[in-house]
Amino acid sequence: MNIIFLIILFPLIGFLFLSLIQGTISERNTNIIGISSIFVSLIITFFYITGFINYSSQIFTQKLFSWISINELDIDCSLILDGLSLSMLAMILGIGLLIHIFSTWYMKDKEGYSRFFAYTNLFIASMSLLVLADNFLFMYLGWEIVSICSYLLIGFYYKTTNNTSCALKAFVFTRISDVFLIISMFLIYNKYGTFNFQEIKFLSNFLNVEDCFDLNVLTLCLLLGVMGKSAQLPLHTWLSDAMVGPTPVSALIHAATMVTAGVYLIARTHFLFLLTPKILYLISLIGIITIFISSFSALVQQDIKRILAYSTMSQIGYMFLALGVKAWTAAIVHLIVHAIFKALLFLSSGSLILSCNNEKNIFNLSKVSSKCPLLYVSFLVGGASLVSFPLITSGFYSKGNILFSVLKDGYFNLFLIGLFCSFLTSIYTFRMIFVIFHRSSVSFVFSNKRLAHNLPLLILLFFSTMFGYFIIRLPLFYVFPMVKSLENGKFLYEIISSFISFLGIFIAYHIWIKQPFWFFRFLKFKIIKLIHKFLLNGWYFDFFYKILFIHPYLFISKILSYEPFDFFPTFFVAFIKKTNSIVLKSVNGNVKCYISTMFVGINLFFILVLCSFLS
C-alpha cells in the first residue's frame with residue numbers, strides 16, 4: 001500500500017481547516033486538529049520505518065500526477081522515500097509534534113492562537129514536500145512555501161513594526177539565495193535534460209571529473225542557493241533577527257528544520273558535488289568561517305535567543321564542514337541530533353522567558369534552578385550536548401564524528417579551527433547557564449507547568465543524552481557512497497575534545513561565577529570595549545550591507561521613481577512662466593525705462609541689418 005502522499009496531505013488539511021474556521025472554534029478543538037494531523041503523518045512515517053529496518057536499500061516511490069508535459073519536457077509530481085528522506089521526515093514530524101504539544105501551553109490565551117497552528121501545519125506540510133519530492137521543480141515548490149511560512153511566523157506579532165521588518169529581512173535574504181537555486185536548476189536541465197534526482201544520479205556516473213567546468217558553475221550556483229536558508233556566511237545575518245517570533249517558532253523553523261534544508265539538499269545532490277572537488281572544499285571553507293564568526297558573536301550576546309541563534313549558525317557550519325569533506329552520514333546524523341538538543345534549548349528558553357515576564361537578557365533573568373528543576377536540567381543537558389560533553393551526550397558523538405572525519409581527510413587547519421570553536425562553544429553555552437541559574441537576581445513568580453509543557457521537554461531531554469544517539473539508527477547505508485571507516489587515533493581525539501569541553505566550562509565558571517569582577521574590570525579598557533561592541537553587532541555585517549547595497553539601492557530607486565518623460569513638459573511650462581515673469585517686469589510705467597528699451601532695440605536692429613549687408 002503506497003500512502004506516502006498522506007504524510008503531506010494531513011498537515012495540509014489541518015492548515016486548511018484552521019485557516020477557514022479560525023476564531024469560531026475553541027482552543028481545545030484547535031489543538032485537536034493541529035496536533036492530530038501531524039500525529040497521523042508521524043504514524044505513517046513509522047509504518048515506512050518498519051520497512052527499512054531489514055531492507056535499508058529499499059526505495060518507495062509514488063507518482064501523483066503528470067505536472068508538465070511539453071515536447072521532451074516531462075515533469076511528474078512524484079514522491080520518493082529512501083533512507084535520507086525518511087530520516088528527515090522522522091525528525092521534522094517527531095520534533096514538530098513535540099513543539100506543537102508544547103505550543104498548546106505556550107500560546108494559551110494569546111492572540112492568533114488558531115492562526116499560529118495553521119501556519120505551523122502549513123510549514124510541516126511544505127517541509128515534508130521538500131524532503132519527499134523526487135525532482136528539483138517539485139522540491140522547489142516546498143522550498144518556497146517554507147520561506148513563506150518563515151516570513152509569516154517571524155512576523156506573527158505583526159502589530160510591532162520591528163517584527164515585520166525582521167520578517168521582511170529574512171524573506172529578502174532567502175530570496176537572494178533562491179535566485180541562484182533557480183539558475184542551478186536551469187543549468188541542471190540544460191546539462192542532464194531532466195529534473196529527477198535519481199536520473200541525474202545515474203547520468204552523473206558517466207561524467208569525467210577532469211572535464212566538468214560547467215558542473216563547477218552548476219554546483220557553485222547550487223551552493224549559493226542553499227546558503228541563504230541555512231544562514232551561512234555571508235547570508236547569515238537574518239537568523240539572529242528572526243528570533244522576534246514566538247519561541248516555539250524559533251525551535252521548529254529557525255533551529256531544527258528549515259535552516260537545515262540547505263544541508264539536506266547538498267546531501268541529496270552529493271553525486272554532483274563529488275564531481276567538483278573544488279566546490280566541496282569551498283563548502284567546508286564557508287562552514288568553518290561561519291563557525292568562527294558566529295562563535296565569537298555568541299560570546300558577547302546578552303539576549304538568550306540570540307545566543308542560541310548564533311549557536312545554530314555555528315552548528316550548521318559544522319554540518320557544511322562535514323559535507324565539504326564528504327562525511328555525508330556524519331552531517332545528517334549531526335543535523336538530527338542538533339535538531340533535538342536545540343529544540344530542547346529553545347523550548348526551555350521559551351518557558352523561562354514566558355515565566356519571567358518576557359525578559360530575555362540573561363543578566364536580568366532570575367535564579368530559577370530551585371523553582372523549576374526541569375528547566376535547569378533541560379538547559380544543562382541541552383547545553384552539555386551542544387558543547388559535546390564527553391560520553392553522556394549525543395552531541396559528543398555526532399560532532400566528534402565530523403571533526404574526526406575532517407582530521408582523517410587531511411584538513412588539519414580546518415580541524416584546528418573547528419576544535420578551537422568547539423572550545424568557544426563550551427564557554428558561551430555555560431556562560432549562559434551559569435549567569436541564568438547561578439547568579440542572584442530579581443525573582444519572578446513561576447506558573448504551574450502542565451503536562452503539555454513537561455512531556456516534550458522530557459522526551460527531548462532523553463534523546464539529547466547518549467541514549468538518543470545509540471537509539472537513533474539512520475538508514476543511510478545505501479544512500480551515500482560507502483567509505484572505509486578508519487578508527488586509528490580516534491580515542492586520542494576524544495580525549496583532546498573532552499579536555500577542551502572541560503576547559504571551556506571551567507573558564508566560564510571562573511569568569512562569570514567565581515571572579516566576575518575581573519571580567520568587568522577588563523571590559524573597561526577602550527580596545528576591549530571596541531572589540532566587544534564589534535562582536536555584539538555581529539561583526540557589522542548589516543552595517544556594511546546598508547552602505548554597499550541598501551543605500552545605493554534607495555538612491556537609485558529615488559532617481560528612477562521620477563518619470564523621465566514628465567521632465568520635458570514640466571521644464572517647458574517652467575521656462576514659459578519664468579520668461580513671462582521677466583517680460584512683465586519691463587511693463588512698469590516708467591517712461592525713461594521705455595525710451596531706453598526702445599533705444600537699445602533700434603540699435604540692435606540696425607546692427608543686425610548692417611551685419612547682413614557686410615556678409
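Positions of Cβ are set from backbone N, Cα and C atoms, glycine also.
So that you can see what the record holds, here are the features copied from Swiss-Prot:
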- 32-52: transmembrane segment (TRANSMEM)
- 113-133: transmembrane segment (TRANSMEM)
- 168-188: transmembrane segment (TRANSMEM)
- 247-267: transmembrane segment (TRANSMEM)
- 279-299: transmembrane segment (TRANSMEM)
- 327-347: transmembrane segment (TRANSMEM)
- 372-392: transmembrane segment (TRANSMEM)
- 410-430: transmembrane segment (TRANSMEM)
- 457-477: transmembrane segment (TRANSMEM)
- 491-511: transmembrane segment (TRANSMEM)
- 536-556: transmembrane segment (TRANSMEM)
- 594-614: transmembrane segment (TRANSMEM)
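Taking pairs at least six residues apart, the transmembrane segment (327-347) and the transmembrane segment (247-267) share three or more Cβ pairs below 8 Å and count as touching.
Using a cut-off of 8 Å between Cβ atoms, the transmembrane segment (491-511) and the transmembrane segment (247-267) share fewer than three residue pairs, counting only pairs 6 or more apart in sequence.
Counted as Cβ pairs under 8 Å, contacts with the transmembrane segment (410-430) are highest for 279-299 among 168-188, 279-299, 372-392, 536-556.
For the transmembrane segment (536-556), the list of distant contacts is 234, 236-237, 240, 293, 296-297, 300-301: same-chain residues at least six beyond its ends, Cβ to Cβ under 8 Å.
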